[in-house]
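As written in TrEMBL, here are the features:
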TRANSMEM  16-34  transmembrane segment
TRANSMEM  40-60  transmembrane segment
TRANSMEM  67-90  transmembrane segment
TRANSMEM  147-169  transmembrane segment
TRANSMEM  209-226  transmembrane segment
TRANSMEM  232-261  transmembrane segment
TRANSMEM  302-332  transmembrane segment
Amino acid sequence: MMPRMTTPHPEDSARWFRRALAAMAGIGLAIAIWQLQQLVLVIFASALVGLMLSDFAAFLQRVLRLPFALAIAAAVLIPLVALVVIFGLFGTMMTEQFIILSQRLPAAVATVEGWIRATPIGADIMAQVSGYAPKVSQVVDIAQATLANVGSAVTGLAVVLVAALYLAAQPRLYVDGLIDMLAPETRPRVREALGAVRTSLTAWLKGQAIGMAFVAVGTSIGLWIVGLPSPLAIGLVAGLCEFVPYLGVVLVAIPTVILGFGQGVESGIFTIIALAVVQQLQGNVVMPIAQKTFGDLPPVLTIFSLIAAGTLLGPLGVILAVPLTVVFMALLKVRLAWLGRSSSLTGG
């Protein structure tokens, strides 16, 4: 007797079709995002700056009882006025310090190189390294590429700032517009997830701002005590580079230590001590206090996020690696909460 062939129910076929269509749409969206990764990073950077402006405006609105439009205008104007005042008071000094820094750093590198060549092992190392030195034509090509990248960076920064201003001025327009495109049954959860992302990013930005300010001030004071040239300029760069944890410290420490040893062994040793003291205070005193209030990412997760972002997304990915990881961890925490679970990694 032949087995009876069962006809699939129309509802099952429709459900299967919807799932297949959703899977194909998800794959297509992932491919599109990957192809447009730099655009996605610029959009994320705009949203991040917009969040800073929006939170600052909310603070001004709460403290000064300003209308939202005036609070947004003040949130933009106050930092601009502060920058104008700072550069008006210290601009000439900082410009001179950067000029001195650019003039003394090559001489310091030459001095340190001379010390290395004075030892037999150092001479062998320098002989091997010199074989990899770029030719003049390669240096010119690198300089041209760098100038092109600087131009692109300036253009990208302008786009980020303008887009951030619009996002901060009308956040509900874009959030509600995004949510309205989704199915009605998914809207509450998406809104909850976006709220969690905003809360996590705001907390991280506050903690990061405290750490950056401490590093900028502490480095300037420490290098001034050591007697290194251009302490204010180096401190400013150190504070800005602190936005990228761990990697920013290395980028500032290497030329600073070279500059210190260029003035003498004693100066170089005290430079290392000054930088180490600032980093130890920031890592063991300042940031733990900030983390209790604002939260933080596990160090290993931060390091691997920097490596992954640098490999997959390039320099802009490295700059935005940690806030992107904050977003991922916030979404993961919300997802685990929906499943009735928690994890110590997400702070839940």
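Cβ atoms are placed via backbone N, Cα and C, with glycine included.
Just so you know, TrEMBL annotations are computer predictions that nobody has curated.
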Same-chain residues near the transmembrane segment (67-90), Cβ under 8 Å, at least 6 residues beyond its ends:
53-54, 56-58, 60-61, 165, 168-169, 232
So if I exclude everything within five residues of the ends of the transmembrane segment (302-332), which remaining residues of that chain have a CB under 8 angstroms from its CBs? That is, six or more out.
37-38, 41-42, 44-45, 48, 193, 196-197, 199-201, 204-205, 243-247, 343, 345-347
